[in-house]
């Protein structure tokens, strides 16, 4: 993953917006700002039906762009980050949605950001993703990435989930309840937090297992290091990646999860303070 961006030689910036919402006004404002720096704004083909701007499929957009803007909420950014890993491209999150824990600022603040950006005043953070290996009954392995979390939950027919977790073929825990969350540090402030899981610093090389509504008072979250791969077995359960992709666990004979070697470069304002964000979003202190 790239460690830096050559801000002096940016030619094209891609833009992907929150789906099913018209953000043409915001797009035009960003285009106007970027034109000052002689940078072309190019769109994902589904981001606008009206605007007469160059439009591309998602793969082509990543290929031609120096980096890509996510204009929406956290969900838009999360799905884009998984794609960015394929092309080794950075992502900038601009808020225009419901949830904004990961996005740093709104379009109204973009002029100040880009003024600083093109002077080299920005920072890049590279949180790690989860690798998920799904092996079907024929032995074919599908690898997926998760930015926030992988959630195993009971289906509608099961009274509760029975989930077994192994490491190197040795069982180290068994969960009875509504499900199990496997979260990245970046995802520790999402579903994991609402299930009383711990907050883990975004750039930590670790991941979290958090039971959901466990039927045992002794079951608690556990933080595991990079290099620790787990195998999860559960019947009549659904595996969900980042709240966006669902798989029936009965369709697979093996599911393994661990912290990936892949990370994604997120562009932030230089003065971004992770702990200040926690304080504001979670209403810590005064």
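Each Cβ is built from the backbone N, Cα and C atoms, and glycine gets one as well.
Residue 74 (active site, proton acceptor) is surrounded by 25 other CB atoms, counting those within 10 A of its CB over all protein chains shown. Feature annotation from Swiss-Prot assigns active site, proton acceptor to 74; the stated evidence is sequence analysis.
Cβ neighbours within 10 Å of residue 148 (NAD(+) binding site), excluding its own Cβ and spanning all shown chains: 29. Residues or ranges marked as NAD(+) binding site in Swiss-Prot (evidence: sequence analysis): 74, 75, 148, 149, 178, 186, 189, 190, 191, 192, 193, 194, 244.
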How far is it from residue 74 (active site, proton acceptor) to residue 148 (NAD(+) binding site), counting Cα to Cα, in Å? 10
Checking the binding-site residues 178, 189, 191, 193, 244 for other Cβ atoms within 10 Å of each Cβ, the smallest tally belongs to 244
